[in-house]
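First comes the structure, then the notes that go with it.
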Amino acid sequence: MGAPGRVLLWLQLCALTRAAYKLWVPNTYFDAADNWSQNQTPCAGAAVKFPADKMVSVLVREGHSISDMEELQDRKRENIHSFIHCSFIDRASPPASPFRCPAARTGALLPVQSLQCTCILAHRPLLPLDGEFVLASGAGFSAQNTGSHLDCSAGASALFLDPDRFLWHDPRLWSAGDAGRSLFSVDAERVPCRHDDAVFPSDASFRVGLGPGTVRVRSVRALGQTFTRDEDLAAFLASRAGRLRFHGSGALSVDPEACADPSGCVCGNAEVQPWICAALLQPLGGRCPQAACQDALRPEGQCCDLCGAIVSLTHGPAFDLERYRARLLHAFLALPQYQGLRMAMSKVPRQPHLHEASGAKADTEIQVVLAETGPETGSAGRLARALLADIAEHGEALGVLSATARESGPPVGGSSAAGLNAPGARSDLMGGLVAALLLLLLVLLVAALLLRRAGRLRWSRRHEAASEPAGTPLGFRNPVFYTADSVDPPPAPQPDVRSSSRSYFINPLYGEAEAEAEA
């Protein structure tokens with residue numbers, strides 16, 4: 001059975017035992033274009049450079065024609081016409097002593113046997129500080145003069161990128177076994193969790209940087225070996241093969257205990273989530289991109305906000321996580337109206353609410369994240385409400401005790417018009433406009449009444465003004481200041497000597513009556 005078959009068998013066994021696994025994706029292949037500068041493999045006749053202060057194992061699958069191999073920090077070129085030690089790694093027929101390769105001539109392949117072999121430089125490393133070529137069957141190098149190929153200019157060199165750039169805590173470098181079109185994992189769970197199996201491709205070259213702290217997983221599979229005990233794993237990491245593939249200040253340990261709870265187990269990456277988010281956001285300058293919706297949500301274990309909905313479930317002993325996930329996939333996400341959604345489901349620590357006493361409820365819950373991937377919004381909220389209705393009807397049979405839902409707001413920017421096309425959005429808009437108009441009319445009416453009462457606002461009666469004669473003067477006759485030409489002013493009254501007042505006036509309205517009485 002070949003290496004791909006063994007990996008497939010291992011993954012099937014993991015699935016049968018309900019154990020999740022994460023598969024390491026990047027490699028350090030010589031033939032992989034993304035391991036070289038300018039995203040292309042060395043062309044024929046090119047000079048090849050490796051970082052001088054790094055350790056790496058490089059798998060070579062094909063034949064290559066190159067001119068020189070150089071160290072970055074040593075400008076003296078090491079010509080490919082050098083002696084190489086080639087030690088066979090096939091234990092079935094190991095050689096008595098390291099095989100001595102003769103100097104290669106121009107145009108001639110370095111000796112490559114039918115067995116896979118690891119080539120190490122005899123005196124000065126062509127590779128950096130400590131490294132190796134792993135030559136597959138039929139692979140090798142041939143020497144060719146610089147510039148003999150049209151694609152290679154004189155003095156052009158191909159740079160092998162830093163192999164230490166691959167970090168364990170980078171979620172982009174792992175592939176989950178249960179990943180699908182409608183499924184995803186929150187960022188903290190994209191890295192191997194406490195009860196996961198970390199699987200590295202067999203018979204392949206790779207390089208993994210262990211970050212700070214201790215990484216603990218259920219098992220580690222590398223180079224065709226499965227490590228479930230710390231003693232065996234520590235011996236491998238201390239070996240030359242282990243040092244070439246694992247580096248860093250962190251520690252790696254295993255615990256073969258599997259997750260036996262049908263409702264799932266907490267991932268256990270909460271402590272290393274800051275490093276996970278730092279590695280994930282490093283290409284973006286350490287900042288999250290702006291979400292495409294208002295009131296975006298950030299699920300437990302996610303580094304950045306997203307648009308969609310979150311359904312939180314509390315469960316009883318009858319709840320089965322895998323069975324409920326399958327139910328949602330087939331009964332809901334398979335429907336046409338939910339095709340643009342992706343779902344993540346896992347057990348997470350439960351954050352108690354402010355009005356709850358500590359320890360009043362379970363300390364874990366099931367988090368169902370419904371993420372919207374398309375420009376249209378609202379489908380995640382509709383699915384969340386459908387799940388609540390389904391739980392209200394079948395919750396007891398499913399083992400769900402209670403459920404709550406949260407959903408993000410409408411889109412931001414130019415995409416907000418899409419949300420206004422929904423019937424509910426249009427009715428809300430019309431209701432808001434009517435309420436605003438009524439409020440405006442009420443404010444105007446109150447302002448007019450206040451101004452009228454204060455005397456700052458008057459209006460004339462046009463029908464009364466029209467009925468008055470043309471010659472009638474406007475206003476009223478003030479007897480104090482008004483004097484008519486045809487009426488003589490009344491005589492001034494004589495002051496009463498008995499009065500102690502020194503100044504007084506007579507009211508013109510009553511002055512005539514008093515004068516007649518005195519007469």
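The backbone N, Cα and C atoms fix where each Cβ goes, and this holds for glycine too.
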Cysteine of Cys277, Cys288, Cys293 paired with Cys304 via disulfide, per Swiss-Prot: Cys288
Recorded disulfide partner - Cys193, candidates Cys117, Cys267, Cys277, source Swiss-Prot: Cys267
Per Swiss-Prot, the disulfide partner of Cys277, chosen from Cys152, Cys303, Cys307: Cys303
DSSP residue counts for the domain 'VWFC' (256-308), split into helix, strand and coil: 12 helix, 4 strand, 37 coil
Nearest recorded site to Cys277 (disulfide bond) by CA-CA distance, among disulfide-bonded residues Cys43, Cys193, Cys288, Cys293, Cys307: Cys288
Cα-Cα distance linking Asn39 (N-linked glycosylation site) and Cys288 (disulfide bond), given in Å to the nearest integer: 27
Cys193 (disulfide bond) to Cys259 (disulfide bond) - Cα separation in whole Å: 11
Listed disulfide-bonded residues (Cys293, Cys303, Cys304), ranked by Cβ neighbours within 10 Å, top entry: Cys293
CB contacts for Cys277 (disulfide bond) [other CB atoms within 10 A, all chains]: 19
Inter-residue Cα distance where the pair is Cys259 (disulfide bond) and Cys307 (disulfide bond), in Å: 31
